[in-house]
Ligand SMILES: NC(=O)c1ccc[n+]([C@@H]2O[C@H](COP(=O)([O-])OP(=O)(O)OC[C@H]3O[C@@H](n4cnc5c(N)ncnc54)[C@H](O)[C@@H]3O)[C@@H](O)[C@H]2O)c1
Ligand SMILES: O=P(O)(O)OC[C@H](O)CO
């Protein structure tokens, strides 16, 4: 009987990974379908002279990435990703997307055949053919796993504090979608399952780029109208991007938590916005990576990398002019144009022609 219990593993223990560990660790304790132990992959580092895994396993708190929130004691921190995932039935990937390829490599060919993956990573990657692809496709192609996604308006510290919010699971497999909902849903973290897997995921990746634009507006002291225009044009570009690249989808998916709600929360409360504001305020005196290090204590931005990945795609398809906001944000992040020129790129936006 015990071997039939579903094992849930979590790969990644940053701000969101630790929050998810708090939720999953608690949910499995009260659900007879699941094994009570949740293994958590921790990218090992030394914090105040001690290994982070040891701190988590003794103090039950990720003091670096989610300070002030206790993790359930059945969450066990492990520095070896294969040990975490090899016997799991549900493998939740929640590392900054740029680290996914290297994190997944040790797992190739070593996972349970009927396990499924779940990506909470917001970003894209360049696949072996040189094309820009969804992170869930990396999990599918590299690891041979079915892969669901979870995206939503979920600033980790607020979720960890139990403040009400929503999220969207993207899954075409109904039973896996519902099983995952049992793993994640709480009375304050409410979840809708959508079959529009690609759009759910792309919304999560693209909104980080728009949030950089919102942060630039804040740092340049533009008012609420300008920021609202940037957010709206961002939404239109996100929708156009999905129309161009993920043709079969429902309009309502953009109004799930993964869509408008995540766009709004990230443009007001996210790390991408915060670092972009600081970049605009210092008018190029510091780079975005320098400010990321200075302000985020090891947490990682996803927006600048996603902007570069998207630009790689748009440039290869000669579509940069159709996406002026996404293109301008990439050019500012990469130092090709000054932050003060952001709005000039939007005056003749295709939405206004
Ligand atoms: N934090 C949020 O509010 C939030 C909410 C929803 C989704 N997400 C998404 O979740 C994903 C993970 O973000 P996070 O907030 O949990 O992480 P984070 O940015 O808080 O932390 C960075 C993590 O990366 C790890 N790391 C550093 N170098 C590494 C390496 N070379 N290889 C592997 N890991 C390394 C660190 O140990 C740490 O766990 C991102 O795609 C993010 O967009 C974040
Ligand atoms: O802090 P950010 O900008 O990485 O955004 C966090 C989450 O993605 C919000 O849903």
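Heads up, the Cβ atoms here are built off N, Cα and C, so glycines get one too.
In TrEMBL this protein carries:
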DOMAIN    7-175  domain 'Glycerol-3-phosphate dehydrogenase NAD-dependent N-terminal'
BINDING   12, 13, 14, 15, 16, 17, 99, 156, 271, 300, 302  NAD(+) binding site
BINDING   122, 271, 272  substrate binding site
DOMAIN    196-343  domain 'Glycerol-3-phosphate dehydrogenase NAD-dependent C-terminal'
ACT_SITE  207  active site, proton acceptor
Chain-internal residues near residue 122 (substrate binding site), provided their CB is under 8 angstroms and they sit 6+ positions away:
97, 151, 204, 205, 207, 208, 302, 306
By a simple count of other Cβ atoms within 10 Å, which of 207, 271, the recorded positions in the record, is least packed?
271
May I ask you to report the DSSP-based helix, strand or coil state of residue 12 (NAD(+) binding site)?
coil
Hey, of the binding-site residues listed (16, 99), which one tops the CB count within 10 A?
16
Across the domain 'Glycerol-3-phosphate dehydrogenase NAD-dependent C-terminal' (196-343), what are the DSSP residue counts per state (helix, strand, coil)?
114 helix, 0 strand, 34 coil
Reduced DSSP assignment, residue 122 (substrate binding site):
coil
Below 8 Å Cβ to Cβ and six or more residues apart, same chain only. Which residues does that give for residue 14 (NAD(+) binding site)?
65, 94, 95, 96, 298, 299, 300
Checking proximity to ligand 2 here: which recorded positions out of 12, 14, 16, 207, 271, 272 have their Cβ closer than 6 Å to it?
271, 272
If you measure residue 99 (NAD(+) binding site) to residue 272 (substrate binding site) at Cα, how many Å is it?
18
Contacting recorded positions, sequence order - 14, 99, 122, 207, 272, 302 vs ligand 1, Cβ under 6 Å:
14, 99, 122, 302
So if I draw a 10 Å sphere around the Cβ of residue 12 (NAD(+) binding site), how many other Cβ atoms end up inside it?
27
What three-state secondary structure does DSSP assign to residue 99 (NAD(+) binding site)?
helix
